[in-house]
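Colleague: Taken from TrEMBL, the feature repeat 'PPR' applies to 122-157, 185-219, 247-277, 278-312, 348-378, 379-413. Annotation source TrEMBL lists domain 'DYW' at 594-686.
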Amino acid sequence: MGFRIKVTTRKQNPLASLKIFPLSKHQTSSLSTFTIQNPHVNPNREAIPANFPPHSPQKTHLVPSNHMTQETKTSHFSKQSTPFAQPDLSHVIYSNKIITNYIRAGDLGSALKVFENMTIRTTVTWNSILAGYSKKPGKMKEACELFDRIPEPDTVSHNIMLACYLQNTGLDAARVFFDKMPVKDTASWNTMISGFAQNGKMGEARKLFLVMPMKNSVSWSAVISGYVECGDLDSAVELFEVAPEKSVVAWTAMITGYMKFGKIGLAEKMFQEMPVKNLVTWNAMVAGYVENDCSEDGLKLFRKMVGVGIRPNPSSLSSALLGCSNLSALHLGKQIHQLVLKSPLYHDTTAGTSLISMYCKCGGLEDAMRLFHEIPKKDVVTWNAMISGYAQHGAGERALHLFNKMRDEGMKPDWITFVAVLLACNHAGLVDLGLQYFDSMVRDYGVEAKPDHYTCMVDLLGRAGRLVQAVDLIKKMTFKPHAAIFGTLLGACRIHKNLELAEYAAKSLLDIDSASAAAYVQLANVYAAKSRWDHVARIRRLMKENNVVKMPGYSWIEVKNVVHEFRSGDRVHPELAFIHEKLKELEKKMKLAGYVPDLEFALHDVEEEQKEQLLLWHSEKLAIAFGLIKVPSGNPIRVFKNLRVCGDCHRAIKYISAIERREIIVRDTTRFHHFKDGVCTCGDYW
């Protein structure tokens, strides 16, 4: 008759005491495999040294179960130093380590080979393989079959299967399995609660949470985080305040929630009161600042984080670099680049992609391109960042060439890729080619057209003057147009002075967003271009009556790591007298060279001389004049504007670049303009 061997040791040698139990009939057919359980050893514990070799199965000396001879079977029961015959358990421990390492590395196949050749298996062995299946999508059937084969599944086995159900079959099947579990520990309840919370089923998550017998900090954190994720901040606050155990996860979730709802002061207060902070906490604060248009505060906190010795991860760097992009803080962005070069993140794809995006948005296109070629492993986000960068800078042909190279290298484009491709066609005036890409996007690549794609197409057609075709495209959309589409159409109507379609676009935009300042301002600009000053006055009255405030235009420039901001007609900058003197000097030289102010862009009903003065003091001209004074000769001047650069400024900057023999880079809300020797890279098409 066969025997089942069960280890019953405590902390002594695992071979010191063995209990032998008879095997059932179906188990006596093969004595090649044994199951050993140790109830006093935590089956979750991984006794694997950090330097354990991950690929060394050849050292195991295991006998395949299907080739086990009678002599081999007997040798496992040969008497050694113990009164009872017992197998050599060192092989089991060693094989378990190898299996665990293979599972960690994601190599389930190699783990299974070791598993199949083992003559003795512990419950830890079975659980390790089960965990391997649970990490592989689409392996639910195999996991179930393996689970059914485990001689004595423990709570860990059931918890692994529960997680497997959640990942592969959804909440309903997981709940059925959970209800049938013979024993549930706190981890079982937490797994199920987390499953509901992560899927937005907070009603179910709360019901389980209230009836679970023993709650720990993980339980509280899961429900609090779930409420934050689904946007129920009040319930999250209510639970957090009564939680007896507040883990760093719960604190961080609350910070994320406050930032998500724009309650920056409360997030700051919580951050200061936290007893323990981890990297995720710092990241939540930095990202929250950046997402709430407080990039300067975010970058200050990022500096502090690095200063206190916390090593940033790709998420930290992404937020900091996005902050640099928002502020056009190229100098700090380069410092972060140096930080990356000195860290293990040097070869990290996410960090490299964030750097590419930062350089593109701060005007350093060539730096971005060099970095792109240095990244050894590029994902679709990396390709998208570089294609978008080329598109923003008006390098349409380079963007499309890179798109073709991306396809040739087997990288499948996604919907964001096509937004970048359509932008490239838009900024280069490649209307027909853009239409071809738009049609092939669905037909050849299976990418569904989203609102962003339609916005690009309306802009592409509108800038080219094909306004009726743009309106037809809007009417053919399969979903309700959003505000940006009509805003884009309205901007095109302004360029081409089409008053009838401008009124249609403005009305449609106000139907969607009655407080849209862009609808009023753009329509007023069209009326002003037609010298319909009575209509301009009417629009301004309506804005006042409806409490609609126009976003003020401003420009900024970074000089010696300090950002200088200018508004049109600025009266506060400490060096304004020198700036005005420089502008008057430039105005004389420009007029001698043939420049004539375009009074159409002085949107006020005043005398021509006053209009010229208003145009001369536009924010981008003030910033450029300051740059000419402060930025050393030979260095490009980089200016950034929160609105679209006006037509008169665009014309004037071309003259300035030739007169001063300086490269001037201007980024507005739409794209980059590179001015050099009297020419702009946009070809006057923007």
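Glycine is treated like the rest: Cβ placed from N, Cα and C.
Bear in mind that TrEMBL entries carry predicted annotations, made automatically and left uncurated.
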Colleague: Taking 247-277, 278-312, 348-378, 379-413 as candidates, which has the most Cβ pairs under 8 Å with the repeat 'PPR' (185-219)?
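Modeller: When the Cβ pairs under 8 Å are tallied, 247-277 comes out ahead.
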Colleague: Any idea what the model's mean pLDDT is for the repeat 'PPR' (348-378)?
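Modeller: A mean pLDDT of 92 is what the model gives the repeat 'PPR' (348-378).
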Colleague: Sort out the residues at least 6 away from either end of the repeat 'PPR' (348-378), same chain, that have Cβ-Cβ distances under 8 Å to it, and list them.
Modeller: 314, 317-318, 321-322, 324-325, 328-330, 333, 336-337, 340, 385-386, 388-390, 392-393, 395, 411, 636, 638, 665, 667, 672
Colleague: Let me spell it out: take the repeat 'PPR' (379-413), skip the flanking residues so only those 6+ beyond its ends count, and list any with a Cβ under 8 Å from a Cβ in it.
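Modeller: Non-local partners: 349-350, 352-353, 356-357, 359-361, 365, 368-369, 372, 419-421, 423-430, 433, 445, 447, 667, 671-674, 681-683, 686.
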Colleague: DSSP on the domain 'DYW' (594-686): how many residues come out helix, how many strand, how many coil?
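Modeller: When I sort the residues of the domain 'DYW' (594-686) into the three classes, I find 38 helix, 16 strand, 39 coil.
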